[in-house]
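Everything below concerns the one structure shown next.
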Amino acid sequence: MPYPTTLKASEVSLASHDVDAVFIFILAIAGFFFVLTQGLLIYFAIRYRKKKGVEEATPYITGNHALEVVWIVIPSLLLVAIFVYGLTVFIKMRTPLPNAAEIQVTASQFTWSFKYPDGRSVANELRLPLGQPVKLIMISRDVIHGFFIPAYRQKQDVLPGSYTYLWLLPKQAGTYDIYCSQYCGTGHSLMRATLIVMPQPQYQAWVAAELQKQQAGAQSPAERGKALFESAGGGGCHSIDGSPKVGPTLKGIFGSRVTLTTGQSVVADEEYLRESLEEPNEQVVQGFQPIMPSFRGSLKQDEIAALIAYMKTLK
Amino acid sequence: MSDNHEAPNGAPVSARLGIWAFLATELLLFGALFTAYAQFRITHAELFHQEHLKLNRVLGALNTLVLLTSSLTIAIGIAAIRRGLQKLLKVCLSLTLALACGFLFIKYLEWSHDFHMGWFPRTNLFFGLYFMMTGLHGLHVLAGMGVMIWLLYKAQRGSFSAEYNTPVEITGLYWHFVDLVWIYLFPLLYLIG
Amino acid sequence: MADHPNTSLPEDRGYLSEHGFRSWALTMDHKRIGVMYIWTTLGFFVVAGILALLLRLKLLVPGPALFSDHTYNVLFTMHGAMMIFLFIIPAIPSALGNFFIPLLIGCRDVAFPRLNLFSYWIFVAGIAVTVGTLAAPMDTGWTFYTPYSAQTSAAVTALSFGLFLIGMSSILTGLNFIVTIHTMRAPGMGWYRMPLFIWAMYATSVIQVLSTPVIGITFLLLAAERVFGIGFFDPAKGGDPLLFQHFFWFYSHPVVYVMILPAMGIVSEVVPVFARKPIFGYKAIAYSALAIALIGFLVWGHHMFVSGMSTVAGVIFSFLTFFVAVPTGMKIFNWIATLYKGSITFESPMLYALSFIFLFIIGGLTGLFLGALATDVHVHDTYFLVAHFHYTMMGGTVMGLFAGLHYWFPKMTGRMFNETWAKSAWWLVVSGFNVTFFPMFILGMQGMPRRYAEYPAKYQALNVVATVGSWFLALGVIIMFANFIKSLRNGPLAPDNPWRGLTLEWQTTSPPPEENFHEIPTVTDWPYGYGSRNEAPRE
């Protein structure tokens, strides 16, 4: 985190550099006025404090037109300068380079899903090659979310029903945080993803490996379930390591006895798990909110079976 | 400006200023709905065209006439009480009330037809706006009627005279405003597709 | 006036003489209504403040702690909604405004006393409905963005209704004040002899009357969306979620000036009295209030730069936004110039007024980063924004309110508070405030989003600092209130004009009699005639 401990524009992306430059420019102006006004305030307060035993004889000063003009005009000019600088960079940030590769981003409570041009879909992890401009075309499946990469100084709300976009030009390899910046419900603060920027050769190798895995095809049901779980973003709400998130963990879920909000206790067998996918809010585990979306219709029966097979492996 | 400083509560200047400020509030209340109307009309021009044909223009026009007449009767009432004609005021207030009832009755006919046809606020954006706008306007008509019943009661007791008629006057202003809103609603919803 | 021997006997409690529930609940005395507003709003300040302390406590650790994430979301929603709608909007206008507008313009009551009482009681009714929703508490954030607020199972419909009532109270109060200021000023008080608090309240009232109905209709539409299934804000039905944001901010931006302008009015009263100097640039300050009110209506879109609104709209709103900074800056320069060659004493009202200026400068300057398009993209919806508006709202408005409470406490209660305790409270409040909120600027620049129940561990250190700061802030507020409450009972009797002020409220007794003045004063001069021209007092 170079920012804001050093006054140097971050070079991790094109926008980060430009935005930081504007930031430093405003900081300089704001700093000047900060020192000026606070300095005068404190100086006057000390200099003109009432001294003991001295009769107060203050001058009858009611104003000064020249001064009023000065402190209207000079700040106005500086404000226009700030506006113009901020505007120029903003326009640049909103105008994608024509050769930008397009990636579809789908937000849903509480997962990010990224779909690459080759058709692969990955949840909560975005990999980009270094130096390649990318345009993210974003839409939400439910409420408004906010796509935010602090290191890139880039942010855009993601709306249901209409596309918004953001374009990036990564300039340094590394791993960066992606946050949801627009409050979207219970799991809002856990709706995080990772941006991994890789040098071109590594990126190509990664893509090839992923495609090969996909073509290898014949997956076992449990493997297929794992892939489904990841692409549907199940990991946004359910952990597989035993820690509770927005929803209960899936570790050791199969065959375990769970207590419901009704106080009733049931065994999490195939039927319970199927129902939890299709009618998630009918039988909610105690201590959790009834907020899971239903997958009825969006998951086929064999996909549900695959997911259950996957859950059986999570011991 | 400080001329009526010692004047009792309800002095003309303050009452008039108060009602105008209140009408400014009302204007912005409806203004937001008109803004929503403008936006959706642009984004859903086709829908608005189709749906507006479903409304009954004849009843809408009739209602416009009813409401305009009621504005006239209350104006006559105000002119009457300024000359101290208490009886004419009572007649005019009763007429205005009757016309307002007529307006609401016609509105009721329209709405029950709509419901019968299965057009509800949730049907689509046009009907959503239609029911919200005419509904909110209808509530204002009801509120105006409430005030007029109170005025009629006061008039019955001889409270108003050529010297003191502020409540009648400001109610009149309010009623004209309600009328004015309808004059915009009618063409926007019924006529312009 | 200052040396006037204290004539008020403990038995003569002025407007406070009458006792009993009915004497308060059915009063049409603007002073009593003002006092009821003070108790109500400060009550919610305390409640919402406790919620804030709980939120900060949870944020001591990055992971799950204390209560669930859902509870956290409910608590920050309640904190925001209560602070905004039940405390900060009515705190100065309805409470101190009610008490002091008639006193400062020299009349016996507001223009419509009955309406004033009615406004108070619909405010209470609105509160009752709002508090009733705690049965199924809201978790939408105080901004109620659709479509989340249209879907969540919380009691949004009832809350909309409650807030609609509170809004109505706000409108009627504003209307009452506009008419009062227009028609009830004491003989001789032309517009340019009005105290600046009155100018500020006038501008505030105009905003209240013109912006509140829009939030009213927005809440109605939100309720209709949930009850009747109208889809104005629901994209699935052809609606537009951004329309809600436009409506919401068309109210909620101007309303930040409803919060800040009255506080600026108080500062404009307090600074000249304790600097013993005429206010510098009277007309500039007066007109800047109107300018802020006017421009304030045109800048709501700066809350929506990253919302998906068109780029062109963003550019226009950003441009206009910078012009609110000009009149705001003017006020600050004028207050500082007022201190020049003064004979300044530092009683607690002045300390709070000066800290208003100090903190508000920080709040204002950090606003530049939010108004500029490029930098807003980064800091929007982060802790930078949280810090910015707490510096303006708490560092600004609340400091202004505290200045006003200390300044007018002797007038309202007829008793003096303990100045030593008041000063120690001030030290804690101001230093605690900075320790709490300054780290948030840095957190925001580092990218920590707001409304995060759990956060990445790298942000922990500064969060711990902020939480510890909140304890000092709370301690300061507790001492301040304890001092007030103790002084209410057995503080020394206050003279009529303890601060040697020239505005009209100081010409009547402390506490004022039922109809404010034994004889309506005639005004012959502006109220800031301090300094050596003013050897002989007015009259």
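The backbone N, Cα and C atoms fix where each Cβ goes, glycine too.
From a predicted model like this one, the values you see are computed outputs, not experimental measurements.
Pulled from TrEMBL, these are the features on record:
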DOMAIN    C:24-524  domain 'Cytochrome oxidase subunit I profile'
TRANSMEM  C:36-55  transmembrane segment
TRANSMEM  C:75-105  transmembrane segment
TRANSMEM  C:117-138  transmembrane segment
TRANSMEM  C:158-184  transmembrane segment
TRANSMEM  C:196-223  transmembrane segment
TRANSMEM  C:243-267  transmembrane segment
TRANSMEM  C:279-300  transmembrane segment
TRANSMEM  C:312-330  transmembrane segment
TRANSMEM  C:351-373  transmembrane segment
TRANSMEM  C:385-405  transmembrane segment
TRANSMEM  C:425-444  transmembrane segment
TRANSMEM  C:464-485  transmembrane segment
Non-local residues, at least 6 beyond the ends, that sit with Cβ under 8 Å of the transmembrane segment (C:385-405): 83, 88, 91-92, 96, 256, 259-260, 262-264, 266-267, 270, 349-350, 352-353, 355-356, 359-360, 362-364, 366-367, 370, 379, 429-430, 433, 436-438, 440-441, 443-444, 450, 480, 484
Intrachain neighbours beyond the transmembrane segment (C:158-184), with Cβ under 8 angstroms and 6 or more residues off its ends: 81, 85-86, 89-90, 93-94, 97-98, 101-102, 105, 107, 110-112, 115-116, 118-120, 122-123, 125-130, 132-133, 138, 194, 198, 201-202, 204-209, 212-213, 215-216, 219-220, 222-223, 258
Within the predicted model, mean pLDDT of the domain 'Cytochrome oxidase subunit I profile' (C:24-524): 94
Outside the transmembrane segment (C:75-105), six or more residues from its ends: residues with CB under 8 Å to it: 30-31, 33-35, 37-38, 40-42, 44-45, 47-48, 51-52, 54-55, 67, 116, 119-120, 123, 127, 130, 134, 137-143, 159, 163, 166, 169-170, 173-174, 177, 180-181, 184-186, 189, 194-195, 197-198, 201, 204-205, 208, 255, 258-259, 262-263, 266, 393, 397-398, 400-401, 404-405, 408, 411-412, 451, 503-505, 508, 512, 516
